[in-house]
Amino acid sequence: MAEDGARTGRKKPLFLKFRSGKSFIITVVAMAVFTDIFLYGLVVPVFPFALQERANVPAETVRISVLLAVYGAGLFVGSPMCGYIAGKSPSRQAPFMAGLATLAGSTVMLCVGSSIPVLVVGRLFQGISAAIVWTVGLALLVDTVGRDEVGEAMGIVAMSMSLGIFLAPLLGGVVYENGGYFAVFAMAFSFIGVDIILRIIVIEKKTAKLYADPEEVVSGDPVSNGQSLDPAQATPAASQRWTEKLPPIVTLLCYPRLLSALWGTLMQAVLSTSFETTVPMYIKDNFGFGPTGAGLVFLPIIIPSFLGPLVGKMSDRYGPRLVATAGFIFLVPFLIMLRLPGKHTLNQVVFFCALLALCGTGLAGVMPPVMAEITNVVRDLEAKKPGRFGKNGAFAQAYSLCNIAFAGGSLVGPLLAGFLKENVGWNAVTLVLGKLPLLPKLSSAG
């Protein structure tokens, strides 16, 4: 390998071992996911107040829901294209950087935009940038870690995602109330700056192999060494020959295990984005909180996200489907109980925050095993017939499907919750959200 680097005539990069190391690559991907999701959620507590001040439009729940849902539309549209490009690209880093450029451009539009159309286009490009980050970033992560560590790695990424989802509204509300609209975006651009530095520094494994001795490069595990496809879920030989002629992204959809994981991703996104849409307006109406309170109320949901790596380890040990199902079932009673707190008293606020913390615990138990299961399905298929998805594998395509599922949830969640809150009431929101987690359990039971 070192000889290959010598033949290229290129100088060995500084700190190669560190920059291509497993821990650093996980950190870079986690930071990319955090930044993308953070910028998505940063405006959640700001929109109800900024729309009225900057665009002279009423801060209605439905209008805010549409602005949040446009992100999901961009993610949905961009994911298949990003999966195809990432699968064909010889490098993960180039599309990774393109995603960051798209994110920066969309943030500029949201910062300077003072009309609904500009804000909508900005949110749309935020969704497209997320499609790139998730598809390429998770493929880079899977290229780097072995199968016995994928759950823990995905737990770290899921933790960063949860932190981004719920820390963003908290900080967005506090900074907006104390520093104003542009202070919020100054914070956003500071995170983009850190992300730029990390993405420039990182060196992916296959590039590092051109320079380093084999023992210096973190070795991934591109094929399965454990669980195989369930016999009941395996496709018959004749059908396999037919599906092998299809594009990888279509072939993957023929496997029930992957479909079950995608359904779990969809439901997790619906629940998370429903919170973001309705909770700020609910606490504004019920408790009389301003932007700071609207942001701080997300803190109880943030704290359980630190359980992500532990949940990932449990997923590696006990299996992703068992852990994810337990997380969904745990959510059900506490989602429905969110209707119980009354008007603004300290006891009722504490009760509401405690319920949010329990909901956050359930959500923290879902995403790591679901993401690990998607990886395991691809590795099992590769182990059964190595090379069936080409030299780059199908991880990018698999995670583009994950993006599409998450995008569907991000699109449905705000619209569904916003419609119910505006037209039926908060009790209807809690009842519907409380029933949704049962659906993945039913889909995976067969």
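Using N, Cα and C of the backbone, Cβ positions are placed for all residues, glycine too.
Here is what TrEMBL records for this protein:
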DOMAIN    25-446  domain 'Major facilitator superfamily (MFS) profile'
TRANSMEM  21-44  transmembrane segment
TRANSMEM  64-86  transmembrane segment
TRANSMEM  98-118  transmembrane segment
TRANSMEM  124-142  transmembrane segment
TRANSMEM  154-176  transmembrane segment
TRANSMEM  182-202  transmembrane segment
TRANSMEM  291-310  transmembrane segment
TRANSMEM  322-340  transmembrane segment
TRANSMEM  346-366  transmembrane segment
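Same-chain neighbours of the transmembrane segment (346-366): 158-159, 162, 166, 264, 267-268, 271-272, 275, 279, 283, 287, 297-308, 311, 323-324, 326-328, 330-331, 334-335, 337-338, 340, 437, counting only residues six or more beyond its ends whose CB sits under 8 Å from a CB of the stretch. Over the domain 'Major facilitator superfamily (MFS) profile' (25-446), the average per-residue pLDDT in this prediction is 79. Between the transmembrane segment (154-176) and the transmembrane segment (322-340), fewer than three CB pairs separated by 6 or more residues in sequence fall under 8 Å, so the two stretches do not touch.
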